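Engineer: Handing you a structure now.
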Amino acid sequence: MWEAIKDRETGRIRSNSFANRFKSRRILSLQLSNRKDFVSPHRGSVNSLQVDLTEGRYLLSGAADGSAAVFDVQRATDYEASGLIAKHKCIFTVDKQHENGHKYAISSAIWYPIDTGLFITGSFDHYLKVWDTNTAQAVVDFKMPGKVYRTAMSSMAMSHTLIAAGTEDVQVRLCDIASGAFSHTLSGHRDGVMSVEWSTSSEWVLYTGGCDGAIRFWDIRRAGCFRVLDQSQTQLGFRPPILKRTAVGSKLSSVAKSSLGGQNRLKTLQSKQTGSQSVKGSSSAKASVEKSRQKRIHPGMLSTLDRATAHYGAVTGLKATNDGMYLLSAGSDSRIRLWDIESGRNTLVNFETGRIQTNKGIQLDTSDDPALVFVPCMKTVKAFGMWSGRTTLMLRGHYESVNTCCFNSNDQELYTSGSDRQILVWSPGGTVEDEMVQDEVAEDKDNWSD
């Protein structure tokens, strides 16, 4: 550690690489925190977690008992064990006893991306509600045609305040906070929509995953989806071609090259004669193929591409990377796939097998450096390498199925919740405070041996 600090002072390593090195070291040492504890007020499984995008300080949770709570991640409300364990109780909670509370389970709870003055909850009681954080009162509500599975708002929107809602209905609805009405609906799925995710590179692009196994890309400024992901369409044909000159070919003698020169000249003369005839035919053929492709991809026409599937089952989770280049998806077939957003192709990253819940949606999250994917896998949380698919971390601590993963990039902490009604904190191990505690414990020990 001190050597790295010295290298940073002398200029041997840059500041960003120095910070990334320590962040990656902290993330790879995540373990169940013995210094921070959230006191959960929920009496049902916790289905949603999110840290606010402005300060990274307030944690919002939604549970199956119809309650939503807000926690302060940085400031503890109480201390135990001589100040070693920080207890974080909720700042306030909204439950069924509230006059505007939800009657049934809350499936999604998200922050308003601009500030912490508003938050949004979606419930199985067919309502989506917008809450004022300061007064804990519902200011806007939207009546949905069915159970609300997932809600999302764009973190980079400057021209709209739309909430995308995925319900058990086949249509995705966009709710406008400013007008208090539905902006428009997106039709294309053949079953309920279990996951929605906004693009991190464009405020107009929305990704949806349905129970029909399809992942659709929408531009909300136009009618119809402009892309349907197909798990059989891979990047194999889009990779750079193999170089013709190999190591063996480069060792050919000059005599052999000269002998082949005459044959190559004859071939070039023949190709010039036949090339002029074939160019016209090939150009017309390419044009016809491109026209047919455009016709098939057109959103208003039914085709085989429109019925493509990304998973053999429902799409239970979606997560776009922070750079906006890749999309992660999880399905009820217990598969995780990484998609290239620009081409819409499967990158064929082979994530190691793990059981994923099939009857409800899950919440994925990612870290940038190192590039990890945190996935709820039944009672455990697995961190996969985004490019290798290998299991880097396996976190055990929940007694029942894990529903959500929420990574706090400011403190390099991971928050998870499950059907055991608990919210657990996973913090980096090997910190200076942990070493001090170990030293104090070692001083209290005697020197007697057994």
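Backbone N, Cα and C define each Cβ position, glycine as well.
Just lifted these from Swiss-Prot, have a look:
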- 271-287: compositional bias 'Low complexity' (COMPBIAS)
- 269-298: region 'Disordered' (REGION)
- 41-81: repeat 'WD 1' (REPEAT)
- 101-141: repeat 'WD 2' (REPEAT)
- 148-185: repeat 'WD 3' (REPEAT)
- 188-228: repeat 'WD 4' (REPEAT)
- 310-349: repeat 'WD 5' (REPEAT)
- 397-436: repeat 'WD 6' (REPEAT)
Engineer: Who are the chain neighbours of the repeat 'WD 6' (397-436) in space, where the CB to CB distance is under 8 Å and they lie at least 6 residues beyond its ends?
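Structural biologist: Distant contacts of the repeat 'WD 6' (397-436): 23, 25-27, 29-33, 35-38, 40, 42-51, 56, 59, 61, 63, 71, 73, 357, 360, 362-368, 374-381.
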Engineer: Quick test of the contact rule: Cβ under 8 Å, at least six residues beyond the ends. What residues does that give for the repeat 'WD 5' (310-349)?
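Structural biologist: Counting only partners 6 or more residues beyond its ends, the repeat 'WD 5' (310-349) has Cβ contacts under 8 Å with 191, 194-202, 207-215, 217, 227, 229-236, 238, 355-358, 360-366, 368, 373, 375, 384, 386-389.
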Engineer: Report, as numbers and ranges, which residues of the same chain sit near the repeat 'WD 3' (148-185): CB under 8 Å and 6 or more residues beyond its ends.
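Structural biologist: Those are 53, 107-108, 110, 112-113, 118, 120-124, 126-128, 130, 140, 142, 191-203, 206, 208, 210, 218, 220, 361, in sequence order.
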Engineer: May I ask for the residues of the chain that lie six or more residues beyond the repeat 'WD 4' (188-228) and have a Cβ under 8 Å from a Cβ within it?
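Structural biologist: Counting only partners 6 or more residues beyond its ends, the repeat 'WD 4' (188-228) has Cβ contacts under 8 Å with 146, 149-160, 162, 164-172, 174, 297, 299-300, 305-325, 327, 329, 331, 339, 341, 344, 361.
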Engineer: Tell me the residue counts in helix, strand and coil for the repeat 'WD 6' (397-436), as DSSP assigns them.
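Structural biologist: Helix (H, G, I), strand (E, B), coil: 5 helix, 19 strand, 16 coil.
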Engineer: Looking only at the repeat 'WD 6' (397-436), what is the model's average confidence as pLDDT?
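Structural biologist: Mean pLDDT across the repeat 'WD 6' (397-436) comes out at 88.
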